[in-house]
Amino acid sequence: MRDKQVLRKKKTPSKDNLKVVKISVGLMRLKDGVLKTVRGTVLPLLMRPESDADELQRAAEQKMKTFDRNLHGGPYVLLYPDGTKITTIPGTEVPFTLNEYKEVVGKAYQRITLYICTAEDFFTSSQETSSESNSSDSEVIIMSPTSAEFNADYTLVWELADGESGTDSAAPIQNSPSVEILQDLMIRNSAMLQTAGCFRHVRSCEEKKMIVEDYLKWYIIHRNNTAIERFKAGLESLQFLTALQQHPTVLTPALCHADVKLSAAEMENLFQPEFSQQGSNRRAQEEKAMSYWADYLLDCEENDSSVTLEEVLMFATGVPCVPPAGMSPLPRLQFLCSTTSTFPMANTCANILKLPLLDTYGAFKANMNFGINNSPGFGCL
């Protein structure tokens, strides 16, 4: 009887071991005593999710040298976006691996960016940081580029909820109850904060105010720098910018929106009626509609209607308030034949509101409310 031969299958690598993911790596250099990112150096890098810090550092260094022959020989240090050396997962004693870091920051791999710098630059920045820390009680920031250093054309990389603006998104940091939560939020939103130039290592909860102020300054001013400069260039025509700078308070009402609530009297004076010939039957109907219109505006002002004055103006002109420079063309009232429509209509391009001719105020008010409430934003029914 022959011995049975046992054939062993050759082991093949598992799918997990073969999987690679794409992250980004960039270069930091010492400038003015702090580590700062070098623009134009960020490159994609394919790595295994389980890669540790040493593997990442070697791969990043090789990638950088391949694309930049003038790169120094090294040695190099692998850094987080805030300029701290990568050894463990932030806030823990867990040794760094790419997949662990991805879980902590809550980002997709392709949105992770890490950096390398020479050991000499890192050592120098660390020495300066320690020296300044010993001479001052204030926190020293390893990497804190100013907002002005960031290109205004960079897009916002903070993931916003639907309908949420960038300024609203600063609220989580501003409301951080502890330094641990603040540090976690800084890591989660490191890409956005780095773009804004206010990503830093924090050691006290009180720093959140400065971070929010820096971010809002970038979001409102520096991010829109190109548009602001173009606006200023337009104002320079006919020396208007000079006049504005010399007399800002005089020109404020013409340029700046004032949040003043509309009144029924203002709305009544704003819309000028176009009547039919005096003495005609239609003129009598139009004058009756005008009295209904005045009563309707008072009901809107006194919250005795399902429609506000701002919604009436929006329906008729496409804007919810009167612009500082006024309206052109001036808003007008026209009147509809009963055979045309018993509901209001509007031409927002010409700022024309067309009122229905009805027999009673109750019917007029009900039809005005229905028409305005059922219009998609503004337009006609």
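Residue numbers in this text run from 1 along the chain shown.
Keep in mind that glycine also has a Cβ here, set from the backbone N, Cα and C atoms.
Quick look at what TrEMBL annotates:
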| type | residues | note |
| --- | --- | --- |
| DOMAIN | 312-381 | domain 'HECT' |
| ACT_SITE | Cys349 | active site, glycyl thioester intermediate |
The domain 'HECT' (312-381) - residue tally per DSSP class, helix then strand then coil: 19 helix, 11 strand, 40 coil
Protein Cβ atoms within 10 Å of Cys349 (active site, glycyl thioester intermediate), excluding its own: 9
